[in-house]
Amino acid sequence: MDCPSEHGQMITEPLLRNRKGGIRTLPFILANEAFESLANYGLLPNLIIYLTIEYRIDAAKGAHILFLLSSAINFTPILGAFLADTYVGRYRMIGFGCMGSLLGMVLLWLTTFPEARPPPCVQFSYNCKSATTLQLLLLYTAFCFLAIGAGGIRSSSLAFGADQLGTSNSLQHARIRESFFSWYYGIVAASVFLGMTFVVYIQDNIGWMVGFGVPVVLMILSSLSFFVASPSYVKSKPRASWITGLTQVVVGSIRNRRIKLSSQATDKVDYHTKGSMLLVPSEKLRFLNKACIIRNPQEDLTPDGKASDPWSLCTVDQVEDLKALIKVIPIWSAGMLKSVNVSQSSFLILQASTMNRHITSKFEVPAASFPSVVVLVITTWVVLYDRIIIPLVSKVKGKIVCLNLKQRMGIGILLSTISMAALAIAESFRRETAIKEGFPDNPHAQLHISAMWLLPYFVLSGLAEAFNAIGQNEFFYTELPKSMSSVASTLQGLGLSAASLVSSFIVSAVRDFTKGEAQESWVSSNINKGHYDYYYWLLTILSLVNFIYYLVCSLSYGPCREEKWFNR
């Protein structure tokens with residue numbers, strides 16, 4: 001039980017005693033992220049339909065554009081984190097992101113005006129006019145600002161909220177921080193779900209002008225929520241970035257490449273900071289050890305014991321941080337390849353738009369809302385797994401029972417493979433139905449086949465994400481040193497960014513290799529003439545190969561830290 005003095009400190013320190021920061025600023029930060037996520041995820045799902053119908057862009061090309069957009073949105077937060085930590089600070093980075101996102105959404109809303117997009121016509125007729133260069137420039141500029149804005153906000157929002165709670169290591173502060181993280185992820189998940197359902201429903205039933213205007217209003221509310229509390233924020237100054245430290249190790253190793261390393265004990269001295277637990281580097285990746293060898297103390301060190309040139313002499317901790325990062329890359333790459341399956345939502349929305357999506361005679365689920373099932377499954381499974389399944393199994397076994405991190409990631413990759421097979425089967429039936437009903441030349445015809453055929457894919461994909469994506473985040477956090485926590489938090493997003501680029505490459509390759517003079521490509525704009533089922537079977541095979549690759553990487557990695565702890 002907390003004593004009165006401790007309890008009083010828990011209440012007054014963040015709320016009353018400090019003039020800056022504290023719990024009172026967190027609602028504004030949470031509102032900023034909630035409105036931003038709601039606005040963005042209300043725009044992204046329906047973009048493939050907007051591009052193919054309103055701009056008459058080929059389905060494969062439209063997916064290629066959206067793959068690049070998704071890659072940019074997942075990559076810019078990494079760049080934003082580097083700039084925030086090193087140069088501008090988190091407050092300015094979030095403010096810059098708010099303005100970028102708002103400008104991008106306003107520009108995208110302007111494309112809904114008749115003068116800003118191609119004139120309407122009968123789809124696939126020969127007299128349809130293509131978008132002009134200026135019209136496409138406006139569209140692509142909007143996408144660029146959306147990516148820039150996401151990089152500004154998402155790179156710094158969570159860390160900026162944690163800054164408001166101070167650096168105290170007391171139990172009370174730890175509990176407050178844990179509560180903030182829980183609320184943060186919970187609110188983001190709820191915002192994503194609402195964006196994929198509520199905002200998408202408006203676009204489908206009221207129109208693009210209103211449907212794209214709502215995110216503009218939401219982004220205005222997001223910006224106001226953030227800036228209104230500006231006088232109360234704690235605004236930490238920029239500091240050295242982890243990217244700089246890792247780069248210094250690489251540069252130092254190259255500069256000192258002529259140093260010879262012996263496998264036997266020598267009189268060489270390794271540079272380490274005062275109080276460091278690591279006095280000598282490990283023997284793995286020994287070439288990097290050259291970056292921390294002190295050759296001449298008088299020249300390499302300043303009078304106070306610091307490196308005179310950090311680009312030639314690094315600490316043992318810096319060297320081991322880079323080694324730890326290199327070691328997890330194979331596991332990361334397997335998770336990245338798994339994310340290729342998640343990147344196929346653009347094609348899925350095109351399929352769902354042709355299927356029967358009525359729940360009742362009067363209510364029809366928007367095609368772009370189907371990916372929200374993944375979010376719902378992830379949330380449901382996390383609660384079931386953490387609060388019901390694990391406690392129940394542990395009670396039956398009489399001891400704590402849980403899957404280790406590598407098992408969870410492997411199960412996720414396997415489930416993702418099965419989900420693609422389920423999607424290939426569903427698309428095969430959908431295409432056969434379209435041909436039987438006489439719509440081979442009309443890719444927008446409504447078919448008498450239920451969109452519920454797609455649910456197995458979304459459910460399995462959600463479970464795959466719950467096992468693999470969450471497992472990846474925990475794996476990176478536990479396996480990398482605490483000094484690299486920011487690296488761990490960005491690796492998942494970097495994987496999603498890389499997966500979008502790989503998906504774009506695969507689609508382009510499939511389109512080029514399967515298209516002939518008298519033959520539609522597998523990923524044709526006319527999904528009834530194409531063979532998306534073959535494309536999904538290809539991804540299934542690649543996913544199975546990736547699962548085998550993951551097993552090899554997992555065995556090569558050895559036991560995780562948590563496994564070593566449990567085996568003691």
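The backbone N, Cα and C atoms fix where each Cβ goes, and this holds for glycine too.
Below 8 angstroms of C-beta separation, residues 40, 44, 47-48, 51, 57, 90, 92-93, 97, 143-144, 146-148, 150-152, 154-156, 159, 238, 241, 243, 343, 346, 486, 490, 493-494, 496-498, 500-501, 503-504, 507 of the same chain, each at least six residues beyond the ends of the transmembrane segment (65-84), sit close to that stretch. According to TrEMBL, the transmembrane segment annotation covers 65-84 (among others).
Under the heading transmembrane segment, TrEMBL lists 91-110 (among others). Long-range Cβ contacts of the transmembrane segment (91-110) within its own chain (Cβ-Cβ under 8 Å, at least 6 residues beyond either end) map to 32, 36, 39-40, 43, 80, 83-84, 116, 138-139, 141-157, 160, 209, 212-213, 215-216, 219-220, 222-223, 226-227, 230, 233, 235.
Long-range contacts of the transmembrane segment (137-162) within the same chain, counting only residues at least 6 positions beyond its ends with a Cβ under 8 Å from a Cβ of the stretch, are 26, 29-30, 32-33, 36, 40, 43, 55, 65, 69, 72-73, 75-81, 84, 90-91, 93-105, 107-108, 110-111, 116, 131, 177, 180-181, 184, 233, 486, 489, 493. TrEMBL lists 137-162 (among others) with the feature transmembrane segment.
Long-range Cβ contacts of the transmembrane segment (183-202) within its own chain (Cβ-Cβ under 8 Å, at least 6 residues beyond either end) map to 26, 30, 33-35, 37-43, 45-46, 157-158, 161, 210-211, 214-215, 366, 368-369, 371-372, 375-376, 378-379. Under the heading transmembrane segment, TrEMBL lists 183-202 (among others).
Sequence-distant neighbours of the transmembrane segment (208-229) (same chain, 6+ residues past either end, Cβ-Cβ under 8 Å): 25, 28-29, 31-36, 38-40, 42-43, 46, 50, 54, 94-95, 98-99, 101-102, 105-106, 108-109, 111-113, 199-200, 202. If you look up TrEMBL, you'll see 208-229 (among others) marked as transmembrane segment.
Under the heading transmembrane segment, TrEMBL lists 365-385 (among others).
Per TrEMBL, the feature transmembrane segment maps to 447-470 (among others). Away from its own ends, the transmembrane segment (447-470) comes close to residues 335, 338, 341-342, 348, 351-352, 354-357, 365, 367, 370-371, 373-378, 381-382, 385, 408-409, 411-413, 415-416, 418-420, 422-423, 426, 429-430, 433-434, 437, 439, 492 of its chain (Cβ-Cβ under 8 Å, at least six residues beyond either end).
Marked as transmembrane segment by TrEMBL: 490-513 (among others).
If you look up TrEMBL, you'll see 534-552 (among others) marked as transmembrane segment.
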Legend entry - Distant-in-sequence neighbours of the transmembrane segment (490-513), which means Cβ under 8 A and at least six residues beyond its ends: 60, 63-64, 67-68, 70-75, 77-78, 81, 154, 328, 332, 335-340, 342-344, 469, 472-473, 476, 521-523, 535, 538-539, 542
